[in-house]
Amino acid sequence: MGQILSNLLQIFYTKKLDIVVIGLENSGKTTLLSVLAHGQAVETVPTIGLNVKVFKKGKVNMKCWDIGGQEQYRSEWSRYTKGCDVVLYVVDAAAPQKLPTAKKELHKLLDDGSIGATPLLVLANKIDLPEHVGESELIEKLQLNYVLETPWMVLPISALQCTNMDQVVEWLTAQGK
Ligand SMILES: Nc1nc2c(ncn2[C@@H]2O[C@H](COP(=O)(O)OP(=O)(O)OP(=O)(O)O)[C@@H](O)[C@H]2O)c(=O)[nH]1
Ligand SMILES: [Mg+2]
């Protein structure tokens, strides 16, 4: 009886979160999810199409769609952002030459309503590399200050070095419902 009650309580108190992870190729999406799910980075290959990863943090079951960032997959991003609970937009903060494209692709989704009021966490990845852009420069380069409908936040991270992963998890678990 105790076990049944405990199982019921578990079901009752477990929340779930559908997470879509997008961003240009090589920005570190698959690495990030490997760290979140398994606690360590693994060697990756460019994602073909998409991968789904499921893991639990605290009381929240997280289902993550890790979508390829190469050009041929970007038109698929909006199909997934439309139905999810949160969007993670991963940017290679150590590749400033890619920021105009990262901005263009993000604003396409913001402008056509594919993200809408869904919470958006912009992850400035690869801050372990010496030449990375800072948070305020990234906000300016991605023109986030003009984004009003979508609640957004920027978090500098290094997926490879597991830097600020606890803050990513904290933000995600706070969004669980
Ligand atoms: N220095 C550094 N390298 C990183 C970091 N995160 C990922 N990388 C490296 O960046 C490369 C690309 O990482 P992936 O996770 O495969 O990138 P992705 O965004 O999934 O790429 P696509 O699947 O092609 O869209 C790999 O060599 C990773 O080891 C980081 O925080 N710092
Ligand atoms: Mg990938």
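Glycine is treated like the rest: Cβ placed from N, Cα and C.
Annotated GTP binding in TrEMBL involves GLY23, LEU24, GLU25, ASN26, SER27, GLY28, LYS29, THR30, ASN125, LYS126, ILE127, ASP128 plus, out of the candidates GLY68, GLY69, GLY83, the residue GLY69. Among the binding-site residues GLU25, SER27, GLY69, no residue has its Cβ under 6 Å from any atom of ligand 2. The binding-site residues considered are SER27, THR30, THR47; of these, THR47 has the fewest other C-beta atoms within 10 angstroms of its C-beta.
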